[in-house]
Amino acid sequence: METWEELPNVSLVPTNPKAPQAKMSAQDSCLSLIKYLLFVFNLFFFVLGSLIFCFGIWILIDKTSFVSFVGLSFMPLQIWSKALAISGILTMGLALLGCVGALKELRCLLGLYFGILLLLFAMQITLGILISTQRTRLERRVKDIVMETIQRYHAHPEESAAEESWDYVQFQLRCCGWNSPRDWFSVPSLSSNDSEVHRVPCSCYNSSASNDSAIFEKLSFPQFSRLGPLARPRHSTDLCLVPANSDIYSEGCARSLQKWLHNNLISIVGICLGVGLLELSFMTLSIFLCRNLDQVYDRLARYL
């Protein structure tokens with residue numbers, strides 16, 4: 001007669017087989033959320049960078065429309081358009097690293113993305129510290145550059161980018177000279193042997209204080225005129241001047257610039273803090289995703 005031997009009741013599986021899978025699934029979901037958040041944010045900045053790049057190229061192609069609209073002449077506008085195009089390309093490249101690294105879960109791209117963001121953040125912190133500690137030297141340097149631009153005004157008409165940019169600053173800030181309009185009195189190109197009356201550029205003219213039609217006819221440059229829709233480049237024979245004893249702005253641009261910075265200080269600080277927090281968030285997400293990819297792969301290999 002055959003007898004059956006009772007086998008011991010030994011379990012080969014965990015008492016709660018769903019526990020590690022649930023834990024792995026929760027961490028997977030968290031990493032997936034981080035991955036797609038990083039991808040969406042960088043996709044937004046990629047689109048933003050492409051728009052900035054296209055805007056810069058558009059300015060280069062259609063200069064005449066932008067000259068009459070923003071008031072800058074051709075040379076400064078060309079410089080700003082190239083700066084916009086370069087910044088757009090850099091933004092697109094950085095965002096592309098974040099998008100591809102997050103979507104494809106590539107540690108090398110995520111590490112490179114984190115490194116570039118860290119470098120940018122460190123440069124911004126360093127720049128802020130330098131501006132705070134070297135404020136007096138920076139103000140002196142800016143003053144020297146402006147005074148040199150004023151003294152060389154229209155001395156070389158073919159190299160007028162800095163002069164036209166300063167004209168635009170005076171026109172927008174409603175100021176004249178750096179300290180006062182007297183800064184223009186010693187400029188060789190503005191002095192006249194026939195008359196002892198000092199003259200200043202038309203960007204110093206306060207159009208709201210007078211209705212003199214003769215002065216308005218002199219304001220032929222697109223950065224000063226709001227009457228003509230057509231814009232034209234500045235030639236060497238174009239030199240718009242008004243007498244210093246007419247209706248001109250009496251305040252120097254140093255004071256006007258200080259007022260502008262004081263009135264917009266909260267906005268400037270808010271933008272800087274927002275950019276810094278955004279960079280910190282992206283760095284945190286990228287390094288967290290990068291450090292946890294290997295652990296997820298190890299758990300998958302262990303439980304599959």
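Every residue gets a Cβ built from N, Cα and C, even glycine.
Record features, source TrEMBL:
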{"type": "DISULFID", "residues": "Cys175-Cys204", "note": "disulfide bond"}
{"type": "TRANSMEM", "residues": "36-61", "note": "transmembrane segment"}
{"type": "TRANSMEM", "residues": "82-103", "note": "transmembrane segment"}
{"type": "TRANSMEM", "residues": "109-131", "note": "transmembrane segment"}
{"type": "TRANSMEM", "residues": "265-289", "note": "transmembrane segment"}
Taking a Cβ cut-off under 8 Å, which residues six or more beyond the ends of the transmembrane segment (265-289) line up next to it in the same chain? 31, 34-35, 37-38, 41-42, 98, 101-102, 105, 110, 113-114, 117-118, 120-121, 124, 128
Under 8 Å between C-beta atoms and at least six residues away from its ends: which parts of the chain pack against the transmembrane segment (109-131)? 94, 97-98, 100-102, 138, 272, 275-276, 279-280, 282-283, 286-287, 289-290
What else in the chain is close to the transmembrane segment (82-103), if you only count residues 6 or more beyond its ends and a Cβ gap under 8 Å? 35-36, 38-39, 41-46, 48-57, 59-60, 109-110, 112-113, 116-117, 282, 286, 289
Cβ-Cβ under 8 Å from Cys175 (disulfide bond), same chain, 6 or more residues apart: which ones? Val169, Cys204, Tyr249, Glu251, Gly252, Cys253, Arg255, Ser256, Leu257
